[in-house]
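Input: a single structure, listed below in structure tokens.
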């Protein structure tokens, strides 16, 4: 940068700060001019001054590039949901990290499957009831959403979750859908009418899908967290044979091992010895005057406990 350009930039910044100090910058009162200038610069510039910069920019992207924006939103939320649920449930991978292999898979599902499908279905739903604002039309829209749109989305979701979980055959996928379908539908039927009624009342149609994704993020994180906790508890029961208190069982096993070692070790000064030290009974006594082999500090305890 040349000296002339440097002075020009400094002058522009000083002028912007002075403008903000007098409250001339839209949305500012002059109390914190430097913060106002910085905040305006990073939230869209002067043309967006006085508006909610990030939200305005996001809604603008929803209008100009709806599918791309929804794909990025759904992918980010799905990956974040898996990561947050893993952290809450203390579900780590073999390297001890919460960023498991499911995180990028869930992000891919959200961006490439969930978002395009939801975009298409919500578009059809909105087209069916376009320019129909009566209470009857709104109730009918909620019914169509719950009886047609939700079953399609939930079925695709369960198929994707089965594949991500490692299902290899169509029968395994069918079993996953059969077991989980009505459970997921019950959650949808409880939350969807409220969310759709809220969207009908307060949100522009372009913002419906991101709003539904945000609600699904919180509900999905909770369900994912509960599922992970149950799976970890089942693994502990299988591994330790003692419900969710596997760590305590591990401690009790070690304590019993130490007690067994103390009772099994021959006391010093008793039994056959050489030089006041107990002789390893498996080696017998030594009459040849050679060095005494080291004692066996930990006698055999049979099979190791299951850890």
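Quick reminder: no glycine exception, Cβ is built from N, Cα and C everywhere.
Sequence annotations record features per position, and here Swiss-Prot assigns transmembrane segment to 106-125 (among others). Sequence-distant contacts of the transmembrane segment (106-125) (same chain, six or more residues past either end, CB-CB distance under 8 Å): 66-67, 70-79, 81-82, 141, 144-145, 149, 152-153, 156-157, 160, 164, 208-209, 212-213.
Residues 102, 105-106, 109, 113-114, 117-118, 121-122, 125, 173, 176-177, 180-181, 184-185, 188-189, 192-193 of the same chain lie 6+ residues outside the transmembrane segment (146-167) yet bring a C-beta within less than 8 angstroms of a C-beta in it. Annotation comment: Swiss-Prot describes 146-167 (among others) as transmembrane segment, evidence class sequence analysis.
Annotation comment: Swiss-Prot describes 207-227 (among others) as transmembrane segment, evidence class sequence analysis.
As annotated by Swiss-Prot, compositional bias 'Basic and acidic residues' applies to 241-264.
Positions annotated as region 'Disordered' by Swiss-Prot: 241-307.
Swiss-Prot lists 266-278 with the feature compositional bias 'Low complexity'.
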